[in-house]
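Taking it in order: structure first as structure tokens, then the write-up.
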Amino acid sequence: MNAIWIAVAAVSLLALAFGAILGYASRRFAVEDDPVVEKIDEILPQSQCGQCGYPGCRPYAEAISCNGEKINRCAPGGEAVMLKIAELLNVEPQPLDGEAQELTPARMVAVIDENNCIGCTKCIQACPVDAIVGATRAMHTVMSDLCTGCNLCVDPCPTHCISLQPVAETPDSWKWDLNTIPVRIIPVEHHA
């Protein structure tokens, strides 16, 4: 019985020693992240869609901060994100790059024609936000609440059963453009 307690104590002491060494090393050799990259990454929409030409939002933020990449390449974020980044970096706003120049693009969502889906899982592997569910050789479907409309699942599909369709506007999804609605003050009469 003493041998078991000695072994437990030895392993515990080793774990404590290695933990202390790793803790010291993580603080001693820590690499400071660029605070500008952190702030830009917080502004970006985190859709990880790759439409900017980078594999995700963090690499795009690093390219903006370190390599002087254009600030206008985030299609999902649109003009609002570009303006926030321009303000943060104190640079001139730029017109949106490429297809993102539409002022109010309709939100798109991937739709799978489930009758033609062969269950190859290529779309699941391509989706950066895990919005597609299904199993091998079984029907797949898209969870529209999670889909960012990034278009990355369309090309890998061998049966071409995936398409992007605009999301229908409902009272729940309607966004009022309060800057274009004419507003006037109506005087109120007080009656005694």
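Cβ coordinates are placed from backbone N, Cα and C, and glycine is handled just like the others.
Within Cys147, Cys150, Cys157, the residue that Swiss-Prot lists together with Cys117, Cys120, Cys123 for binding [4Fe-4S] cluster 2 is Cys157.
According to Swiss-Prot, the residue from Cys127, Cys161 that belongs to the [4Fe-4S] cluster 3 site alongside Cys147, Cys150, Cys153 is Cys127. Site annotation (Swiss-Prot, ligand [4Fe-4S] cluster 1) includes Cys49, Cys52, Cys57; from Cys66, Cys74, the additional listed residue is Cys74. Candidate binding-site residues: Cys49, Cys52, Cys57, Cys74. Nearest to Cys120 ([4Fe-4S] cluster 2 binding site) by Cα distance: Cys49.
There are 19 other Cβ atoms within 10 Å of the Cβ belonging to Cys117 ([4Fe-4S] cluster 2 binding site). Counting other CB atoms no more than 10 Å from each candidate's CB, the binding-site residues Cys120, Cys123, Cys157 peak at Cys123. In the three-state DSSP reading, Cys52 ([4Fe-4S] cluster 1 binding site) counts as coil.
Counting other C-beta atoms within 10 Å of each candidate's C-beta, the binding-site residues Cys49, Cys52, Cys57, Cys74 are led by Cys74. For Cys74 ([4Fe-4S] cluster 1 binding site), the nearest neighbour among the listed binding-site residues (Cys117, Cys123, Cys157), judged by C-alpha distance, is Cys123.
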